[in-house]
Amino acid sequence: MNGNEFGRLFRLTTFGESHGDAMGCTVSGVPAGVELSEEAIQEDLDRRKPGQSMITTSRGEPDKVSIKSGLQDGYTTGTPIGMVIQNKDARSGKYEPFITAPRPSHGDYTYSAKFGTRNWGGGGRSSARETVNWVAAGGVAKQVLAQSDYDVQIKAHVCQIGDVVADDVTWEEMLEHSEDNEVRCGDPDAAEEMRDLADEYQKEGDSIGGAIYFECRGVPRGLGAPRFDSIPARLGQAMYSIPAVTDFELGIGRDARTATGTDYTEDWEFGESEATASENASGDEPRARGDPKPVGNDHGGIQGGITTGDPIYGEVTWHAPVSFPKTQETVDWETGERKEITVTGRHDPVLPPRAVPVVEAMLYCTVLDFMLLGGRINPDRLDDRPGEYDTDYHPSSPRNDPEDADTHATTVDED
């Protein structure tokens with residue numbers, strides 16, 4: 001099976017099935033010298049894990065991450081970082097009826113058709129549980145960026161569930177409110193309506209779709225490449241890889257369909273400059289000025305597939321979860337019968353509340369990959385000091401050799 005890797009220099013490779021022993025990933029391309037905190041990665045995993053509220057699946061997974069490689073004394077060494085998350089609460093019995101009677105709108109039939117077999121417990125590899133690996137990798141990327149010379153900040157919140165749409169919120173409102181409610185919405189009033197709506201569908205044995213708004217700040221200008229490695233192309237791959245995503249928008253997105261060229265085009269002006277004109281400069285000489293800057297940001301921080309330095313923003317849309325208790329119809333290819341089925345496993349009635357950290361993680365992974373590709377961050381070492389070996393993150397020699405050591409080193413008197 002291919003398609004298990006994402007990224008060019010910062011590369012994520014994942015493994016695991018929903019009801020297997022464990023989930024895991026290998027992250028390569030992490031520069032040496034990053035002080036990596038397992039606890040910080042865990043914080044993001046806790047935001048994604050199941051069982052957080054009454055509108056999430058009741059599956060009791062602690063999602064505890066364990067870093068297995070790539071660290072020495074708490075610092076990255078430049079070698080691949082391996083992480084494992086054990087599955088603790090898998091119950092595959094309820095999925096046995098669907099081995100040859102595929103659930104509607106799932107990957108059951110298509111996986112069997114492609115490979116001639118599949119891991120059927122909990123959906124196996126096609127389950128959204130696999131995104132736990134992405135959040136772990138995003139936690140690594142987030143820490144690399146936080147310790148770099150760039151102040152990259154990324155935040156997302158649920159902007160719509162069903163027909164309940166949140167008001168536009170500021171960056172500060174997202175930071176203040178989105179983690180204060182079960183649906184992770186930056187608009188507290190809309191959050192209550194969204195919560196009630198999700199609860200209503202859950203009680204009816206049904207589900208509902210929704211959307212997430214995201215914003216990236218501090219991304220420097222000049223990242224991305226024309227055509228197939230453009231920022232929109234790579235972000236689109238990242239977002240459409242998330243299970244159940246049906247739409248991805250940048251900037252004003254679908255509203256561009258009704259905008260005229262004169263409305264959508266943004267003029268250029270000089271931004272503010274930190275520099276000032278010389279005290280003795282004559283009035284005829286040009287004064288210090290800032291860099292060219294677009295007037296407005298309908299383009300979402302990207303022009304020609306390359307970043308402008310303005311905030312990158314957009315929306316991601318999910319269809320309703322297709323596992324729910326209401327009766328559905330399918331066919332059993334082994335018996336040749338039509339069957340009525342009820343999917344009674346533990347499932348979310350709406351996906352965006354738990355998908356917020358997934359979106360943020362994939363944004364962090366994508367932005368860091370472009371920063372490495374663009375030379376903004378040294379891919380070998382974070383301190384960008386090639387050839388220097390006596391660093392504050394290099395392991396120190398022991399003061400005394402262990403008594404049972406087979407080898408030893410003693411100081412030589414140079415006199």
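Cβ coordinates come from backbone N, Cα and C, glycine included.
Swiss-Prot annotations:
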BINDING   Arg48  NADP(+) binding site
BINDING   Arg125, Ser126, Ser127, Gly304, His319, Ala320, Pro321, Val322, Ser323, Arg346  FMN binding site
COMPBIAS  298-307  compositional bias 'Gly residues'
COMPBIAS  379-393  compositional bias 'Basic and acidic residues'
REGION    43-72  region 'Disordered'
REGION    262-310  region 'Disordered'
REGION    379-415  region 'Disordered'
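Across the compositional bias 'Gly residues' (298-307), the DSSP tally of helix, strand and coil residues reads 0 helix, 4 strand, 6 coil. Residues 216, 219-227, 230-233, 250-252, 256, 259, 264, 266, 313-314, 370 of the same chain lie 6+ residues outside the compositional bias 'Gly residues' (298-307) yet bring a C-beta within less than 8 angstroms of a C-beta in it. Cβ packing within 10 Å was compared across the binding-site residues Arg48, Arg125, His319, and the lowest neighbour count falls to His319. Considering only the binding-site residues Arg125, Ser127, Pro321, Ser323, the residue whose Cα is spatially closest to the Cα of Arg48 (NADP(+) binding site) is Ser127. Same-chain residues at least 6 positions away in sequence with a Cβ under 8 Å from that of Ser127 (FMN binding site) are, in sequence order, Glu17, Ser18, Pro243.
Within 10 Å of the C-beta of Pro321 (FMN binding site) we count 22 further C-beta atoms, all protein chains included. Taken residue by residue, the compositional bias 'Basic and acidic residues' (379-393) breaks down under DSSP into 0 helix, 1 strand, 14 coil.
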